[in-house]
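Colleague: Copying in the features that Swiss-Prot gives for the protein in this structure:
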BINDING   149, 152  [4Fe-4S] cluster binding site
């Protein structure tokens with residue numbers, strides 16, 4: 001479920017040495033499966049461990065994950081790096097914004113996962129997002145843009161050079177193209 005590097009394990013062990021015996025670390029996701037999902041790590045006193053928490057043993061400490069966060073922390077990794085300018089703890093959780101789907105899930109679910117987990121985080125930096133409305137019988141993904149993407153003058157570049165290229169590479173036998181059905185209205189909300 002969660003990989004914690006040796007350096008991060010050592011860091012947590014040092015931090016937990018100053019806490020009451022039995023204190024764990026809790027790894028969690030706030031707003032799991034949503035575009036605004038946030039991951040975090042906190043101390044978890046022994047009396048805060050819930051019966052349905054998943055307990056993960058590591059070198060000298062345990063990590064706990066609540067049942068609501070667990071599916072969204074699949075393939076998560078925590079690392080700790082010391083650099084000249086200081087140290088940094090990183091938590092990468094590729095499934096925090098969208099629950100990972102099985103390889104044999106329906107095509108629309110697999111495409112939706114790629115959109116939520118990989119494409120929308122990039123569009124969010126411009127205040128935008130894209131949603132899939134359907135996939136036609138001939139393999140065309142029908143998309144609708146919102147936020148800063150609605151009315152953006154660069155939408156054709158984003159659609160063809162970004163999203164279509166990614167989906168064709170990921171699903172070469174199933175997706176044949178993309179089509180934008182957004183009623184684009186340029187305004188102050190538009191990125192460009």
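Backbone N, Cα and C define each Cβ position, glycine as well.
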Colleague: Find, for the listed binding-site residues 149, 152, the residue with the lowest Cβ contact count at a 10 Å cut-off, counting only other Cβ atoms.
Modeller: 152
Colleague: Would you mind pulling the DSSP three-state label for residue 149 ([4Fe-4S] cluster binding site)?
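Modeller: The three-state answer is coil.
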